[in-house]
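*Asks:* Take a look at this one; I'll ask things after.
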């Protein structure tokens with residue numbers, strides 16, 4: 001409806017006899033573009049203010065909406081300026097006509113090109129965020145799930161005999177116990193984990209931020225804690241701050257020495273050394289044992305655990321099973337993304353097709369003089385296709401930085417406000433190349449039917465345009 005109002009307003013301001021004059025439309029479009037440039041600048045200002053002063057999910061969406069709004073309105077302004085600049089530098093008569101006529105088509109094609117820009121930017125932004133999240137998530141899983149087998153006792157009384165038996169098995173290279181307590185940290189639910197000082201954490205548990213020195217030594221020796229990124233953001237805590245943790249005999253205030261990623265966990269996550277945890281919960285027993293064991297020894301070990309301790313599948317979990325389950329959840333979560341991306345690109349292609357088809361008949365008036373001067377129909381088709389491709393390729397070129405900006409908004413603003421974690425911005429050149437190829441194919445398909453109509457047009461159709469002018 002807004003698109004229709006835009007065209008109606010420009011038509012209402014034209015003289016009645018000028019409605020069929022493409023040059024009059026182009027001049028009216030130039031005046032409209034000046035107003036549109038100011039509106040686009042206002043949208044960019046709103047985006048800047050939301051970025052500088054925004055601290056909520058709502059303002060994150062305002063930021064992304066303002067960026068898209070400003071870019072969409074600014075595209076025709078940029079295209080018109082670029083074509084005007086190229087026109088002043090062109091020395092060929094046919095080249096000047098090519099650029100001038102291309103510029104004259106902007107009023108009728110600008111909405112379709114804006115749709116193409118926004119569709120491509122959304123594809124690039126969402127695709128980059130999804131692929132980056134997949135890569136980051138898989139890397140995080142590989143770092144976090146370093147043990148080959150995870151065994152949990154059925155009840156606390158079984159923990160000690162289970163640990164003793166596991167420690168006696170020659171094919172198990174390491175038995176790493178874990179303790180867990182559910183706590184409320186400054187009003188937020190969280191799980192407090194006690195861990196032993198082991199190289200598996202030092203080598204594989206990547207920290208996003210840490211204090212100077214060796215944070216793992218500080219965790220082992222001092223009254224310290226590490227916590228997840230989302231919990232740190234929710235509580236507005238940073239390194240060297242103290243954290244109030246309720247314990248049976250009062251409050252515990254350890255110092256923060258490290259912050260780590262914990263993707264997909266709606267609850268807070270904290271790490272302390274098991275000695276400090278057991279000092280406050282002395283009756284606590286391990287809730288899980290992480291086992292380092294050769295893959296070939298896992299099946300017989302599982303059989304022994306089931307026979308000796310009556311443990312079911314819920315208490316014996318293979319590393320590969322956890323990774324497979326986690327990956328399946330991730331893929332199901334983003335399964336609709338690819339379909340939506342294809343749909344938005346398809347809608348943009350349809351919009352471009354309708355715009356080209358709508359103006360195909362009026363294009364004969366611009367092409368007939370060239371035909372009369374000796375330009376063949378094949379050359380006319382190539383010129384027409386070149387104009388469409390020039391506008392489309394310029395639009396696609398603008399969509400790349402816009403798409404990366406959308407990806408940054410999703411990774412650094414929306415994710416942080418919605419989930420509490422920030423994803424690193426990653427660029428995937430092959431993905432960009434694939435999207436560009438699909439967009440070029442959509443442009444080619446959109447321009448195929450109007451070109452076919454031009455190819456099938458008879459010389460009489462071209463001559464008739466001259467007769468209509470007299």
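In case you wondered, yes, glycine gets a Cβ from its N, Cα and C as well.
Note that TrEMBL annotation is computational and uncurated.
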*Asks:* Which range is it, out of 109-129, 130-150, that shows up in TrEMBL as transmembrane segment?
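*Replies:* Among 109-129, 130-150, the range TrEMBL annotates as transmembrane segment is 109-129.
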*Asks:* Examine the ranges 12-36, 37-61 and name the one recorded by TrEMBL as transmembrane segment.
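*Replies:* Of 12-36, 37-61, TrEMBL gives transmembrane segment for 37-61.
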*Asks:* Kindly report the helix/strand/coil residue split of the domain 'ABC3 transporter permease C-terminal' (342-457) according to DSSP, in that order.
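*Replies:* Grouping H, G, I as helix and E, B as strand yields 99 helix, 0 strand, 17 coil.
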*Asks:* Can you tell me which recorded stretch out of 67-88, 109-129, 338-357, 388-408, 428-452 has the most Cβ pairs within less than 8 Å of the transmembrane segment (37-61)?
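*Replies:* Between the stretches 67-88, 109-129, 338-357, 388-408, 428-452, 67-88 has the largest tally.
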*Asks:* Based on Cβ pairs under 8 Å, which of the stretches 67-88, 109-129, 338-357 lies most in contact with the transmembrane segment (388-408)?
*Replies:* 109-129
*Asks:* State the non-local partners of the transmembrane segment (67-88) in its own chain: residues 6+ outside its ends, Cβ under 8 Å from one of its Cβ atoms.
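*Replies:* Answer is 29-30, 33, 36-37, 39-44, 46-47, 96, 99-100, 102-103, 106, 110, 113-114, 117-118, 121, 391, 394-395, 398, 402, 405-406, 409.
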